[in-house]
Amino acid sequence: MHLVRWLICLIQLWIQLGAAGSVTLLDPLLIEIPNGKLRGRDNGHYYSYEAIPYAEPPTGELRFEVPKPYKQQWTNTFDATQPPVLCMQWNQFINGTNKLLGVEDCLTVSVYRPKNSSRNNFPVVANLHGGAFMFGGPSQYGHENIMREGSVILVTIGYRLGPLGFVSTGDADLSGNFGLKDQRLALLWIKQNIASFGGEPENILVVGHSAGGASVHLQMLREDFSKVAKAAISFSGNALDPWVIQQGLRGRTFELGRIVGCGQASDSVTLKKCLKSKPASEIVSAVQSFLVFSYVPFTPFGPAIESPDAPEAFITQHPIDIIKSGKFAQVPWAVTYTTEDGGYNAALLLEKQASSGRELILDLNDRWFDWAPYLLFYRDSMTTIKDMDDYSRKLRQEYLGDRRFSVESYWDVQRMFTDLLFKNSVTVSVDLHRKYGKSPVYAFVYDNPAEVGVGQILSGRNDVYFGTVHGDDVFLIFNVSFVPANRRPDEQIISRNFIKMLEYFALSTNDTMAYGDCVFQNNVGSKHMQLLSITRDGCENKQLNCFIQRCLIFF
């Protein structure tokens, strides 16, 4: 009799925890979703369920097409214990001449759930990885830091990159933005399935860094984004950055065809058919033909404005026009930058060349007018060579005056890169959203240099001060392999505050956002633009204004 009562209580407990697909105490590693059952891994303080397909493989006839939802039914339990593969890419961080990595069949999500006996369900953070739309992957931004805090479920997403994800002829036949469409389908998958993992589908926060941050903003510019997410954060990247929306992409796409043996194609239909017949490795390896030097320009293939008659077009207007129309998702959004974000792009100029021992920055004295349009992404936006040269001349005068390019003037070059590639667009996007949007818009700037950052890594220099460069903030949230894991005490505090900020934003019932003891100021309806300044000493709300090329903070 006692045994029967015990079994009844156990069954009732199982039902309360969510028998219909939710994580249960009976076997938290075994999850059931519409495709069948999958088994994850116990990692000590968290569970992982990795490389779960959300789309049919984008290969063969599905290459350069809108992704199709994954429909296969598993007869056996799916093994979700293997890490996700990289989408095929030409990766700038690989040493040597062959930088090809990854595979074409890569459209998966990975779910990481903390062990936490005090709660059964968790808010969800969905992360879109960065990498200039050209490289990177879901494992690039590690999950250990977030799992250690034990307060949110993390979902990472693989999406098509480079030419496989972003070729476009600008018409309906080869419209482009396949990587963005992958992201969109993955977010729908999360919304529909995350409850089975113990996630709260009503509390999904979408975040991204660099190209991932720009992707978040682009996703948000679709009105239906509010159906898949509650809020969003763009770290050091937004849709208005000059490297995001590609101009001249039609010409590069046909040039790509010529390089891989499709030079006979004179229209989009013929080109697309030919490209589908070529090995993916040849298409991706052709990226190197579009680089002027090193990894410049770092985004030869990226998001494009599509033709209105394109099938399932992602965006058909420039982001500025979309924001001004007010027809975008009205969800709370935060956009950020670091004080020296441009160090990621400028640091390569300090690398000493193997052949001469000279820094590349010295060559700018003779090649500024040739290289600047590619370094700062205005090559395709200028009507004439004269316009381009005039702008290049103006930039040099504004930031360097009459000084020469040298190691001594590097700091001002880096400041130029920060302003033009990251900082100015934050001010413009916040201003536009506060004028034409209804939901809260927040901003913050991070100023606390890491001991080792991408500046030192990309330049190979430890004798130069780079300041707070690209990633110094977000790498305190997501651990990365190329940055030392040991952190200063102040960074450990900031890391916990950042992760708590994500949880708070995902759970907020009144759309507010906070970091530590500081509450972000909503810019919608405010007289002045506000941003939160975060340093090793704490946080403080400040006023933000912008004059021509430079954004100044008034205390």
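Note that the numbers count up from 1, one per residue, in the order the chain is shown.
Using N, Cα and C of the backbone, Cβ positions are placed for all residues, glycine too.
Long-range Cβ contacts of Ser210 (active site, acyl-ester intermediate) within its own chain (separation 6+, distance under 8 Å): Gly130, Gly131, Ala132, Phe235, Ser236, Gly237, Tyr344, His470, Gly471. Reduced to three states, the DSSP call for Ser210 (active site, acyl-ester intermediate) is coil. Annotation source Swiss-Prot lists active site, acyl-ester intermediate at Ser210.
As annotated by Swiss-Prot, disulfide bond applies to Cys87-Cys106 (among others), with the evidence given as similarity to another entry. Within its own chain, Cys106 (disulfide bond) has Pro84, Val85, Leu86, Cys87, Met88, Gly158, Arg160 as residues 6 or more apart in sequence whose C-beta sits under 8 angstroms from its own.
Taking the Cβ of Cys274 (disulfide bond) as reference, residues of its chain lying under 8 Å away and at least six apart in sequence are, in sequence order, Gly257, Gly261, Cys262, Gln264, Ala265. Marked as disulfide bond by Swiss-Prot on the basis of similarity to another entry: Cys262-Cys274 (among others).
In the three-state DSSP scheme, Cys539 (disulfide bond) falls into the strand class. In this view, Cys539 (disulfide bond) is surrounded by 20 other Cβ atoms within 10 Å of its Cβ, with every protein chain counted. Feature annotation from Swiss-Prot assigns disulfide bond to Cys518-Cys539 (among others).
As annotated by Swiss-Prot, N-linked glycosylation site applies to Asn95 (among others). Packing around Asn95 (N-linked glycosylation site) is summarised by its Cβ count: 6 other Cβ atoms lie within 10 angstroms of its Cβ, all protein chains included.
Residues or ranges marked as N-linked glycosylation site in Swiss-Prot: Asn116 (among others). Cβ neighbour count for Asn116 (N-linked glycosylation site): 15 (other Cβ atoms within 10 Å of its Cβ, all protein chains included).
Cβ environment of Asn479 (N-linked glycosylation site): Gly142, Glu144, Asn145, Ala485 lie under 8 Å away, each six or more residues apart in the same chain. The N-linked glycosylation site feature in Swiss-Prot is assigned to Asn479 (among others).
Close to Asn510 (N-linked glycosylation site) in the fold, though at least 6 residues off in sequence, lies no residue with a CB less than 8 Å from its CB. According to its DSSP assignment, Asn510 (N-linked glycosylation site) is coil. The feature N-linked glycosylation site is assigned by Swiss-Prot to Asn510 (among others).
Annotation comment: Swiss-Prot describes 1-19 as signal peptide.
Long-range neighbours of Cys518 (disulfide bond) (same chain, six or more residues apart, CB within less than 8 Å of its CB): Leu532, Gly538, Cys539, Glu540, Asn541.
With respect to Cβ neighbours within 10 Å, the disulfide-bonded residues Cys87, Cys262 differ, and Cys262 shows the lowest count. In this structure, the C-alpha atom of Asn116 (N-linked glycosylation site) lies 41 angstrom from that of Asn95 (N-linked glycosylation site). A strand conformation is recorded for Cys87 (disulfide bond) in the three-state DSSP classification.
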